[in-house]
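Asker: The structure under discussion is supplied below as structure tokens; questions concerning it will follow.
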Amino acid sequence: MSSSASSTSGNVLVTTTITGVILVVAFLIVHDVFRRIFKRNYEYRSLLNSYLDFVDYNGRRVWVPDRTPNKWPLSWIPATYSVEISDIATHVSLDAAVYLQFYKSSARLYLMIAILTCTTLIPAYMTGGYKDLDPDDPAYVDGILITTMTNVDPGSRSVLWLTFLMEVFVMATVYAWYYYDYVKFAWLARRKFARRTPENFAVLVSDIPDEMRSEEALYALFDRLYPGEVAKVYYYTERSYIDRMKIFYRKALEKKERAMYVCVHSAKKLKGQHPTQKIGGNKCKCGCKRKVPKDVVDRIEYWGEEQERLWTYIHEAQRNPAPEKSKDTGGAIVIFNSIHTASMAAQTQLWYRKSELGVMRAPQPAAVRWWKFKMPYRAKIPWSITTFFLNVLIIIAYSPISLFVSALSSIPSLVQIPGLEWLSFLLSWPQWILNLIQGLVPPLLLALFSVLISLLQRLIITRGRHFGQQEVEDRLRNYYTAFLFVAHFFYVLIGGSVFDQLSLFFQTGEFDWEQLASVIPAQSIFFMNYVLYNACFSFPYLFSGLVRLMQRWWIIYGLVVLPKTEREWRRVDGGMSSFFLYFKFYGLGMVVNLICIVYSTVAPVINLFAVLYFTLAFWVCKYQMCFTQYNAWSAEGYYFHGVFAFNVVSLFIKQFFMIFLFTLNGAAVQATLEAIFFVSSIAIFTVIRSRFGRISRYGSIASIFDSYGKTIGAEDYLPKRYLKAYIPPSLQRLPDPYDLSGLTAEEAEAHGLDLEFKNNVHDPQYGTRLTRDEHGCPLEKLERKLDDPEEDAGVLITDYTLDPASAPRSQPSSKTQSAVMAKIPSKIEDEK
């Protein structure tokens, strides 16, 4: 490594560390101050928990820990610490529990590796001779690089043997932790598949043959295969015209409430009158260019009438669907009477051909992508190939950006390359500014570009044939991780080595392969800065809540007008950044894990930064999942399989990496032994995957009847409320409308406003309205015992978690349910 580049490496790392500590403290202060001002932003789960009827299919409200942050600074630490991962698995999701377990295990793993490698390898590496060379020598190293393999002489057999022994220890430790994590995940997954939830009773059927595209035909088929076990079949026919009318209905409801709010809070400006608006103004029907004058109408009455008109239209369309406006899809949801039957059906090849009657586990009701049912099987492979090649093109097109950004980490070497001498003006800047540029600017630019790439990848992947949202997120996680691997690791590793060799080539006219053995470990400086940046900026920035605040205001300004009513605020609360982005943080965590495991024995100091990264990430993400963010659906551990596979591939890459380095340093014996251990790694991975892969993906039949010593056979029956979970969106009845204008009864009465809605007040088939407070919440709690089969059979609880503002405000009786369902056709008529 050139002396000019090596001499600043330690200063850059020290400057980055100090800046990182300052950023962490600043974000902690911002969080502690802003959480007292913007409570809706920082206590979103508590806000959802206060909505007594915002419940899931088991009647449970959004969970928040018993201990919550109070007014004292840093009170979030004991509140977060008091939550166990098992509680998160039970009350939040298995995704959250497995994700946190991955970060917790990684922090402990790298702590063990750091203790051993820093106490053995660093003293050994510091005995190397490259630090004693003349500062003008290209091989001279100083600063933090003397603690890496950059300072190791090729002839130092004892140091190379010690490095190999540490390699064996790292491999054994990594596999021990991976085995432990997979065992724990398999145990949690078996519990999840034995739990009474709607998705465990249902399967998704796609590519249904033309002669079987009816509920009766599908029922007959599955009843023949599983006699007496089929509870309900929902064949999906797309009726987008009803879905559009529902959007217009909610918009009318929102506009009416806003008009009521304006009437009360702008009474002086309106001089006691109701707000008005102009309608009409279309061209004359006779064909002339004259426009019809606009009529001025009462805004509250206008949107109230529009709401009633849309209500009537929607329910009439649901009772009598229009065949000419409907589209056949060839997809259905089949609900069984028991969990074990659904589990067997999801794992069985039912039909003669794979391209017909495909059966898979049904996603959670909120995660079903109904509109993708109409994509035929023949479109699956072309879309997969197209998605793959488009992502490859993105990675290839990104290579110049990645190479240039990574080269900014060594500006003295960069300016020595012909054509880039114009950057030499940076060398005249103060040293601390130059250190900041070299330490923070490259990872910051990489992070900003990664956000744009993830948006582009999502746009591509969502066009594919994925029936569940968890499939989209998993595929996005895979491609995003592949992008980060190539752009943030491979390009940087190869590009940085090439840049250093090019600068040396232009100085000496020679390309030194032996020097490459020192140049590749020298890239650890960039990766240390990368890990440190993500530890001290990415997660503290997420914790500060600034990203959620900014995205909330973007939504607000996107609404053209500021939100006033409670319904508008709820729509803003449930917008961007209200849910946890597993694909993003999984991808970033896996790439950081790759970098740290590859350089764990090459640059032992990076293990300390890995401990810092995974510890901060664990605490921040745990806090976010418990108090701030809420996901309307869960993949229930679906992501872990890909995470485990990539982590094992990271270990394979490390072993290839060390074989290459041992070969460059002339250690043929160590390289051969490393290759033997690489083969053993493949065998260990195969054993772990084959032992726990299937049971963690499908569960076990025995777990359903005997859950770890506690017999739960009674839990295997289907609660009748689950029959309504997979009603197609177009046939789901509109929730009982209620007032969310934010007005009190006294304010409304003073201005002659009626907070009651006229849609269903006198319609007995839609139930009665509960008594509510000024926030629209029922005064009666909707809590009940879930272990009573009779009560379970008589209560309908519908999941409206995708849209908190549209959560139902009444629970109809069993007779009401029967009356409602009698109005909705149970059979899709032949539309040919």
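Positions of Cβ are set from backbone N, Cα and C atoms, glycine also.
Nobody curates TrEMBL annotations by hand; they come from automatic prediction.
Pasting the relevant annotations from TrEMBL:
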type	residues	note
TRANSMEM	12-30	transmembrane segment
TRANSMEM	109-126	transmembrane segment
TRANSMEM	159-180	transmembrane segment
DOMAIN	201-370	domain 'CSC1/OSCA1-like cytosolic'
DOMAIN	385-662	domain 'CSC1/OSCA1-like 7TM region'
TRANSMEM	388-412	transmembrane segment
TRANSMEM	432-456	transmembrane segment
TRANSMEM	477-499	transmembrane segment
TRANSMEM	519-543	transmembrane segment
TRANSMEM	579-600	transmembrane segment
TRANSMEM	606-626	transmembrane segment
TRANSMEM	638-662	transmembrane segment
TRANSMEM	668-688	transmembrane segment
COMPBIAS	808-819	compositional bias 'Polar residues'
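Mind mapping these onto the model and telling me what they sit next to?
Answerer: Only residues 6 or more beyond the boundaries of the transmembrane segment (159-180), in the same chain, are considered here, and those with a CB under 8 A from a CB of the stretch are 105, 108-109, 112-113, 116-117, 120-121, 124-125, 127-128, 149, 152-153, 597, 600-601, 644, 647-648, 651, 654-655, 658, 662, 665, 667, 670, 673-674, 677, 681, 684, 688.
Predicted-model confidence for the domain 'CSC1/OSCA1-like 7TM region' (385-662) is 83, expressed as mean pLDDT.
Residues of the same chain lying 6 or more positions beyond the ends of the transmembrane segment (606-626) and with a Cβ under 8 Å from any Cβ of it are 24, 45, 64-65, 76-77, 79-80, 83, 88, 92, 96, 99-100, 103-104, 106-107, 110-111, 113-114, 117-118, 524, 527-528, 531-532, 534-536, 539-540, 542-543, 580, 585, 589, 592-593, 595-596, 599-600.
If one looks beyond the transmembrane segment (668-688) by at least 6 residues along the same chain, the residues whose Cβ comes under 8 Å of a Cβ in the stretch are 160-161, 163-164, 167-168, 171, 175, 178-179, 182, 648, 651-652, 655-656, 658-659, 662.
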Asker: Looking only at the recorded stretches 12-30, 432-456, 519-543, 579-600, which one has the largest tally of CB-CB distances under 8 Å to the transmembrane segment (109-126)?
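Answerer: When the Cβ pairs under 8 Å are tallied, 579-600 comes out ahead.
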Asker: Where, among 12-30, 432-456, 579-600, do we find the most CB pairs under 8 A to the transmembrane segment (519-543)?
Answerer: 12-30
Asker: What same-chain residues lie close to the transmembrane segment (432-456): Cβ under 8 Å, and 6 or more beyond its ends?
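Answerer: Same-chain residues near the transmembrane segment (432-456) but 6 or more away: 8, 11-16, 19, 394, 398, 401-402, 405-406, 408-411, 426, 476, 480, 483-484, 487-488, 526, 529-530, 533-534, 537-538, 583-584.
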